[in-house]
Amino acid sequence: MTASPPITPEAMPIPRKAPAPARRNLVGLTRPQLRAALIEAGTPEKQAKMRETQVWQWLYQKGVRDFDQMTNLAKDYRARLKEHFTIEVPEVVARTVSADGTRKYLVRIAGGHEVEVVYIPEDGRGTLCISSQVGCTLTCTFCHTGTQRLVRNLTAGEIVGQIMLARDDLGEWPEPGRAPKDETRLISNVVLMGMGEPLYNFDAVRDAMLITMDGEGISLSRRRITLSTSGVVPEIPRTGAEIGCMLAISLHATTDELRNQLVPINRKYPLAQLLEALRAYPKLSNSERITFEYVMLKGVNDSDEDARRLVKLIAGIPAKINLIPFNEWPGVPYERSDWDRIEAFADIVHKAGYASPIRTPRGEDIMAACGQLKSATERARKNRFEIAAEAGLPQPERIVRRPNAPDVH
Ligand code: SAH
Ligand code: SF4
């Protein structure tokens, strides 16, 4: 046995400081979670309800990002909060403003991922289109987001944080005592129509929307929030029961055969199942209608016969049909229907008694239009041959460049 070497000062184990516990972000906690977190940080249980309300109002009613601004809290309590918590919303790394006033925010979330948020102003009000996932695991063949491989669910804080950062940019946090009324809000509506399938991230989306609707916070009515889904049927009843917001369905086809190709989740949850779930959606009425989104693809789903089948399919459901002129993106195998075709289609739907607005493409010049969103930092993307293979479509023709031919996008 050899004697162990003497311990020299250099070799002495350095007592390691316990790492500072990671501070928790308060943004995105539901009210019960916030209260529990405050208690865990030493707030006496008796005061917890009051503290929860105070902090909540600072965060969501006034938009404060610094504990020192929470002036109705004692200084030492603010210090305690600072020790345990942060107030963070995703960081805007780029902001582009379209010629038509549409604003697109490129937003960075933890892990260096990026998502896009789009604000569409209209007559002094406006709609904010937010994302629920980075990319999307579904592969609708006409959608740019669906070609992005990288996918992660956003947290509730990252979802409600998108609304908060847009309010920052628009200067919409109210002056004390002057909460915006729904009619005068710059962000009068929120739509979950950005990147991702919200019903594949149900819990975070629900929590974020409950925070958004809370009357002591952002206070946006559930009727001004629309969640768009490609048709994740098992989550539709929960959406009605636990969120209660308006529902939009990405329909896009009126037969299972075509919908299987365009919206592949249809193979799992075919049209009959989808429509049954919609008929059971709570509170459906003339003032609370389902929105059906229908992207107009030339020669694919835009015939008079398609329009007639559509109205038969949804018969009895209080509905509005949003016709979306297809937005092209590089490499996509579809084209936008001609304008007179879209109008003829709209006319048939309208005559059957349904509102059939044609969605004016907004922010196209900045790639902010529906289905054009996709992170610039994606690491790999599927090409149109892979998309076609996954959807069971015939392989697209390979484009052979002739000399002097114009660039093909
Ligand atoms: N994943 C959800 C939420 C995205 S909403 C869903 O699919 O419903 C975005 C809407 O834009 C959907 O109706 C989608 O089908 C539609 N869309 C996707 N790509 C499009 C494109 N290139 N042009 C027009 N609309 C598109
Ligand atoms: Fe995903 Fe919606 Fe795009 Fe389909 S349309 S790939 S569900 S984001």
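Cβ coordinates come from backbone N, Cα and C, glycine included.
The annotation region 'Disordered' is assigned in TrEMBL to 1-20.
Look at TrEMBL and you will find GLU116 tagged as active site, proton acceptor.
For 122-365, the entry in TrEMBL reads domain 'Radical SAM core'.
Summarising the annotation, TrEMBL assigns [4Fe-4S] cluster binding site to CYS136, CYS140, CYS143. The number of other CB atoms found within 10 A of the CB of CYS136 ([4Fe-4S] cluster binding site), across every protein chain shown, is 23.
Secondary structure at HIS252 (S-adenosyl-L-methionine binding site), taken from DSSP and collapsed to helix, strand or coil, is coil. In sequence order, CYS140, PHE142, ARG259, LEU262, VAL263, GLU293, TYR294, VAL295, LEU297, ASN301 are the residues near HIS252 (S-adenosyl-L-methionine binding site), counting only same-chain partners six or more apart with C-beta under 8 A. Positions annotated as S-adenosyl-L-methionine binding site by TrEMBL: GLY196, GLU197, SER228, SER250, LEU251, HIS252, ASN327.
Under the heading active site, S-methylcysteine intermediate, TrEMBL lists CYS370.
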SER250 (S-adenosyl-L-methionine binding site) to CYS143 ([4Fe-4S] cluster binding site) - Cα separation in whole Å: 11
Top Cα neighbour of CYS136 ([4Fe-4S] cluster binding site) in the set of recorded positions GLU116, GLU197, LEU251: GLU197
Local backbone state of SER228 (S-adenosyl-L-methionine binding site), from DSSP in three classes: strand
Integer average pLDDT (0 to 100) for the domain 'Radical SAM core' (122-365): 93
Most Cβ neighbours inside 10 Å, all chains, among the binding-site residues SER228, SER250, ASN327: SER250
Pairwise C-alpha maximum, in angstrom, for the residues (GLY196, GLU197, SER228, SER250, LEU251, HIS252, ASN327) that bind S-adenosyl-L-methionine according to the record: 19
